[in-house]
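Feature annotations, courtesy of TrEMBL:
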BINDING   24-28, H87, R120, 171-175, 202-207  ATP binding site
DOMAIN    21-249  domain 'Phosphagen kinase C-terminal'
Amino acid sequence: MQLNDLVAKTANWMKNSKNGVVLSSRIRLARNLENFPFPHRAGEKQLLEIAGKIRPFLKGNLALKNALVVEMDKIGSLDRDFLIERHLISPQYKTGSGRFLVIGEGETVSIMVNEEDHLRIQVLESGLQLRDCWLLMNKLDDELNESIGFAFSEDFGYLTACPTNVGTGMRASVMVHLPALSITREIHKVLPALTKLGIVVRGVYGEGSESKGNIFQVSNGATLGKQEEEIVNQMESLVKQLINYEKKAQKNLIFRQKDAFENDIWRAYGILHNSRLLSSQESTSLLSTLRLGTDLNIINLKRETINELSILTLPAHIQKIIGKSLSPQERDRARAKLIRDRLKEN
């Protein structure tokens, strides 16, 4: 499998067809090898040595059978942007010696080597599947620890480059679509309430990013003193409450302003179905409206189609699909055509 092969494939997490509010669930682990400095303090020789210790395990692991290995210093900026849009690397993951990405089949499991920590392991699934993600991650974590050995303190737990990750080193997160809460402005009450509970709310691409298309990343905060299962249970409970808040806001919209609400949804469909030029920002906003219309059975579209379009219409994906670098206007033209074609197929 080559990096370009991912363009035409639908990742497992995009295949969500059950829950309209929770788009995906992710468990991420930060792990570091014993007796090595953290990547930001390691020299080139040490980074290469760390990578060398990790590679043999990755080749022999069943969950990573037929995995794609991407050497970060051998790809260009377009490919890096593509991987960011795909939620496979962080925006901070740079090129350099000893840095490589491992992508399992279906993009369920991926591992960044020598990012902020020696290993950033990710399990990503569709909908609300935090527990399933955690169970798979547990198995991977145990196998890695047995093979490599992680930096661990009896007092603090797993040692990580960032103090907020010390303890379990685990981040449980969900990507949620909250359009009704945004429209009714109740989002300004709900998100601060989550923050007070120690929950971190970020944009689509994590730390430092902003929300786009009414999509937010919601995750646990500091992990010191907590057990992994406790974190998963807390997150599942909070997310279910969040789903209820969004569903209630949706019902209120229909009850109070049904005609205007349905008009917005069909207007969004009309623009997407007929436009010849569409910016990334505009298409993201319109697809959010269309997703809401689909969830409420106002418009008959497959959720998977909207999931795919939300990713395929991003700047790097558009250029990978076309096969060359494009100017902003060329991207807008290609994006509009892709959306028109997909909506006709649906």
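Even glycines carry a Cβ here, placed using N, Cα and C.
This view paints the features noted in TrEMBL onto the structure.
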{"residue": "S24", "record": "ATP binding site", "DSSP class": "strand"}
{"residue": "R120", "record": "ATP binding site", "DSSP class": "strand"}
{"residue": "S173", "record": "ATP binding site", "DSSP class": "strand"}
{"residue": "R202", "record": "ATP binding site", "DSSP class": "strand"}
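Neighbour counts of Cβ atoms within 10 Å were taken for the binding-site residues R120, R202; the minimum is at R202. Of all Cβ atoms in the shown protein chains, 16 besides its own fall within 10 Å of the Cβ of Y205 (ATP binding site). Confidence annotation: the domain 'Phosphagen kinase C-terminal' (21-249) carries a mean pLDDT of 92 in the model. In terms of local Cβ density within 10 Å, I27 ranks first among the binding-site residues S24, I27, S173.
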